[in-house]
Amino acid sequence: MSGSLLSGDATNGAGLLLALALLFPLVLAVGLSFPAARARIGTLLAIAPLPALAVALLGNGARFVMPGPFRLTLALDASGAMLMGAAALLWTAAALYAPAYWQGGSMLRRAGLWWLFTLAGSLGVFVADDVVSFYLLFSLVSLAAYGLVVLEGNSSVRRAGAIYVGFAVLGEAFLLIAFVLLANASPGGSLAIADVVQGLPFSPWRDWTLLFLILGFGTKMAQVPLHLWMPLSYRATPIPAVAALSGAAVKAGVIGLARFLPFDSGSVPWGELLTVIGMISAFYGVLVGLTQTNPKAILAYSSISQMGVIAAVLGMGLAAGRASAPAEATFYAVHHLFAKGGLFLAIGVVAATGRWRIWPVFIPAAFVALGIAGLPLTGGALAKLAVKDALGYGLVGTLGKLSAIASTVLMIRFLTVLRGTARTDAGEALAPLTLRLVWWGVAALAVLAPWILLTPATGYPLSDAVSPSTLFDGIWPLAIGGLLAIGGRRLLPNPPRIPPGDILALLRPVGRLAGAASVAIERTEARLREWPIAGAIFLGLVLAFSIAMYLAGSS
Amino acid sequence: MTTPLALPFPADTTPGGFLLVLAILVPIIGILLIWTLGSRRTELVALTTLAIGAAIALAILTELTGTGSAVIYLVGGWRPPLGLALRADGLSVVLIVLTAIVIGAVGIFAKGQFGYDPDAPEKRAPTVFWTLLLGISGALNLIFLGDDLFNLFVAIELVTFTAVPLVCLDGKAETMRAALRYLLFALLGSVMYLLGVALIYSGYGTLDIALLKSVARVEPLLFIAIALMTVGLLAKTALFPLHIWLPAAHAGAPAAASAVLSALVVKGSFFIILRLWFDILPAEATGLGAQMLAGLGALAILFGSVIAICQARLKLLIAYSTVAQIGYLFLMFPLATGSEATPAFASIAWTGGILQLASHAFAKAAMFLAAGLVYDAFGHDRISGLAGAGRVIPITFIAFGLGGMSLMGLPPSGGFSAKWLMLNASVGEGQWWWAAVILCGGLLAAGYVFRVLVPAMARPLARIKVKGPVSRRRELVALALAIMALLIGFVPLEPAPLLGIGRGAEAGLLVPGGLAP
Amino acid sequence: MTGATFDTATLYGLCGAALVGIGLFGLVLDPKPIRKILAFNLVGAGVFLVFGVIARRGAAAGFGGDPVPQALVITGIVVAFSATALAVTLVQRLSSAATDAGQPGQAASVPPKGETGTPGQGDAAS
């Protein structure tokens, strides 16, 4: 559990480095006001996450307490280090990819500031150690990402951006009230995350706190029905940015649930609720994803589905009081981070590659994509292995296996669509070498990094990953999924098309209602402006206040 | 029924007491100098006066924190109830310093804008602007220092008389109409306040707040008096539904004036309401009335924010946002509940409320100044015509955005800390409905802030027409105010000891008969 | 203090109340700014009368009345006078501005309903 090392100590040397590593992107952001820095923006973006990567690798146990009135406490534990290191790698990869993808150009310069801010928040949220710092960094990653979502600037992109920001702010409002409730129930008024979580089981507002935590982080993880923003904004965001957002930024929700839910004491009803939400999202994401035609939208729905699996893992962990659930979910998240980020990068590579030269970039994509569905011996299989115990062997465990089948179908759909995006006008074209190299690098990380991390993160021996039963567990959902995909294509050659953001249309009446309400409010305002009404209100208030005081005073 | 005898005022002029007189007199001396020295030196005199005023404010702060008790000056050496007392406690000092900073910043912003211009058609405008600015700073100081209800009446009238001409400084018919409406509404408020003062005097024979605290009884006379005074002041504070004069007046004034009006002037009358309810009214009579005040505040938050979202013009949007933000201040009344052990001013809601007041003052001043710069740059402030404006004047929009961040309550900003404290208070007090209002207000604020920022930061379809250059100095002033709104977010998230200085038992004022031997 | 008997002070008090009432009626309901200003002065006069009553009731120690309310009334009158002067100036300038704009007397006497008094056409609130 993250809490053990977090209370009471002062800053240590590694902690200072940690703080500096997080400050580094912000310093670079300030540096962007100099033309000389702007000219080298590609390099700046690429080196920005490197200090954090170094600290993640070397600085376990780092702790930083900002002196004076500034409330910022950071602490690096195993889960945080793993996610921060992985996120730093992905951000670096995306930054290396970006200049080649955008061919230099003005897009990179426009992205620079938002990129660095989002990066700082995205890395920082994994190591924030008190409630207020966490909220600060969470807001930073959520809101600064808006700048990346709307980079392309046309009207549909702006609409996606507006919806993104609306959900981000809504999620933050949920979190704010949850954090306030946590702080109020905190023993001794401490705001350290470990302390407030320890106080949670005894809080008089326990259920409300858990509800708002799940709503807040659920919004960030795009859990149904708060998932609307994800397909729209992922489709709108340019590839280098969306790779980082889908891989790294969204994990702020995962770390949030992992840190703030009381796994030590557990809670059956809330754990079950979270599991149900997660499982619904896992299948809903796949079903709607299958109707998509845009590869970015398919990946977005796959993210909803995968985040659903993580939510279900954490939910089962909460219900069972399983203290190892956060570590297992985080490990699963690390694989998803590389895999999803990588697949987004692959979209850009394939789109620049001629159809006759596609295989060197497509085959890794197939491995990574099927890895998400649990292809044996890939990182994905290890991720599934890590959460197998947490999901259990009952109904939820079965549903977990079924979700792997569903993911297989969705990933096959993605690969089909992806193959179709290769260039036909120049069949022999090759994507720029940088793009291919970066993509291969991230693909390798997605397949291999979990091998390195499995044992330290979850305690499972690697031999489990190659045991016959694991191999079999990995293969049969793939086989069934593959058959389903082929059968589905036969039976349903033209699947229905659901626009990205599926149930957004349902919100239209709400919008109309809001419009009507604001018209009514403006009319009221115009009436209030008339003197007789204003005067009557004035005198009425005098009377009302007199009576109010009289009533209070005489009781 | 007998008239209770008010106790003699329980304290003498303290060593630093003369500073309080200076805080009020220095702006007046400045005004006299402006009139005698002629328009060429107006700016120099005015800015010097503001600088001296800031120094005095800091000196009072130092004196207060140094001695740890209230700074008092008895005018003419007469003790209340016969004489007048000026009294600075922690709360007053915070507001005095706040006023000095905001007015000082506005002065630097306005330098050059209202300078001596021999070719201008209206030669009096510069002199008038600076006179009014100094007048407001002196009158506000008088409000924050006054301990006598009638003295406060005079002070609040001075504020009104200086604020109204600021609204119509440009002499256009529309702004004059807004100013007239403002004035008439304010006069309705002040005459009701005066009636309340009369009732209080008839009941208790004193108007000194510190003395009233010890003699006020739970009786209808007091209730009617307080109700009259409160509602009169609500009209001047522009709390919903008595806010109708504010948007037109604040949006029509020149940017520098709007900043002062929105950031400070409405807070002056709020301060008096605060003193009426916490320093005079016995605690057992506040319950329902406090809920009503906060209820109006909640309506203001929701109503003002929604209308702000619907505005087509930037300055009106900011003005309606003021209507909404004023609402938060009134959540203090039910949340800052005191008890035997901890008085109201030692509650987190009290600190949260004052923090909201200060952060709104900084943020709103920054935003109005930014709106003025937008007007300078593009010749209009229609939000629909500001697509891409952020690329032309980035510093201005950063200032606007940082100010908006504080209004939305994003960390790290004063608005966040204020909301955090108030949310904690409403959870702690079991009044969760105020928490819901605060959260909704934050969401709506995000709505109106992003409504401006999003198109401004986007790439425009057509190149935006730029009318004139924007002074870098003015941009930096707006930015500095916005950064102040951010920096005060770093106060500790607990009751601020400064706000308790000179209040309550240690001042010897709460205890009836607490006269020092 | 003899609350039950009907003395001069009570009569003055009632007059004060009546003035306040009439003034408030005018201030709230009369649409013309000038008459609003007059009404404000009526309310003011009523309040000052109430102060006079209070002074009379507080008579003690050889004085014919409590001096403090009397001092307050004098200050109050000065304030009310300044307020009136400011308001009248505004009305006058508004009137001349309206005359310049070619609608004699209109703007000053009857402000348009739902005024927001802001320049520009994009005023969504009006």
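Cβ coordinates come from backbone N, Cα and C, glycine included.
Summarising the annotation, TrEMBL assigns transmembrane segment to B:17-37 (among others).
Feature annotation from TrEMBL assigns transmembrane segment to B:44-73 (among others).
What TrEMBL records for B:128-146 (among others) is transmembrane segment.
Among the features that TrEMBL reports, domain 'NADH:quinone oxidoreductase/Mrp antiporter transmembrane' is placed at B:147-443.
Long-range contacts of the transmembrane segment (B:152-170) within the same chain: residues 125, 128-129, 132-133, 135-136, 138-140, 142-143, 146, 176, 178-179, 182-183, 186-187, 190, 193-194, 197, 233, 236, 249-250, 252-254, 257, 260-261, 265, 268-269, 272, each at least 6 residues beyond the stretch ends and with a Cβ under 8 Å from a Cβ of the stretch. Positions annotated as transmembrane segment by TrEMBL: B:152-170 (among others).
For B:182-201 (among others), the entry in TrEMBL reads transmembrane segment.
Taken from TrEMBL, the feature transmembrane segment covers B:221-246 (among others). Taking Cβ pairs closer than 8 Å, the transmembrane segment (B:221-246) reaches residues 149, 156, 160, 178, 181-182, 185-186, 188-193, 195-197, 199-200, 202-203, 266-270, 272-273, 276-277, 280-281, 285, 289, 293, 296-297, 299-300, 303-304, 319, 322-323, 326-327, 330 in its own chain, all 6 or more past its ends.
The transmembrane segment annotation in TrEMBL covers B:258-278 (among others). Sequence-distant neighbours of the transmembrane segment (B:258-278) (same chain, 6+ residues past either end, Cβ-Cβ under 8 Å): 91, 95, 98-99, 102-103, 106, 109, 133, 136, 139-140, 143-144, 152, 155-156, 159, 163, 166-167, 189, 209, 226, 229-230, 233-234, 236-238, 246, 249-251, 286, 289-290, 293, 315, 318-319, 322, 326, 329, 332-333, 336, 344-345, 357, 360-362, 364-366, 368-369, 371-372.
For B:290-310 (among others), the entry in TrEMBL reads transmembrane segment.
Annotation comment: TrEMBL describes B:317-337 (among others) as transmembrane segment. Sequence-distant contacts of the transmembrane segment (B:317-337) (same chain, at least 6 residues past either end, Cβ-Cβ under 8 Å): 237-240, 243, 246-248, 250-251, 258, 262, 266-267, 270, 274, 277-278, 286-287, 289-291, 293-294, 296-305, 307-309, 311, 344-345, 347, 349-350, 352-353, 356-357, 360, 364, 367-368, 371, 383, 407, 418-419, 422, 425-426, 429, 431, 434, 437-438, 441, 444-445, 448, 451-452.
Remote same-chain residues near the transmembrane segment (B:357-378) are listed as 94-95, 98, 101-102, 105-106, 109, 250, 254-256, 258-260, 262-264, 267, 270, 314-315, 318, 321-322, 325, 328-329, 385-386, 389, 392-393, 396-397, 399-400, 402-404, 406-407, 413-415, 417-418, 464-471, 474-475, 477-479, 481-482, 484-485, 488-489 (criterion: CB distance under 8 Å, separation of at least six residues from the stretch ends). According to TrEMBL, the feature transmembrane segment maps to B:357-378 (among others).
Marked as transmembrane segment by TrEMBL: B:431-454 (among others). Cβ atoms under 8 Å from those of the transmembrane segment (B:431-454) belong to residues 294, 298, 301-302, 305-306, 308-309, 311, 314, 317, 320-321, 324, 327-328, 331, 334-335, 383, 386, 390, 397, 400-401, 404-405, 407-409, 419, 422-423 of the same chain, restricted to positions at least 6 beyond its ends.
The annotation transmembrane segment is assigned in TrEMBL to B:475-493 (among others). Listed as Cβ neighbours of the transmembrane segment (B:475-493) (distance under 8 Å, sequence separation of 6 or more from its ends, same chain) are residues 101-102, 105-106, 108-109, 348, 351, 355, 358-359, 362-363, 365-367, 369-370, 373, 393, 395-396, 398-403, 405-406, 411-417, 420-421, 424.
Within its own chain, the transmembrane segment (B:128-146) has Cβ neighbours under 8 Å at 20, 23-28, 30-31, 34-35, 42-43, 45-46, 49-50, 53, 86-88, 92, 95-96, 99-100, 103, 106-107, 110, 114, 152, 154-156, 158-159, 161-163, 165-166, 169, 254, 256-257, 260, 264-265, 268, 271-272, counting only residues six or more beyond its boundaries.
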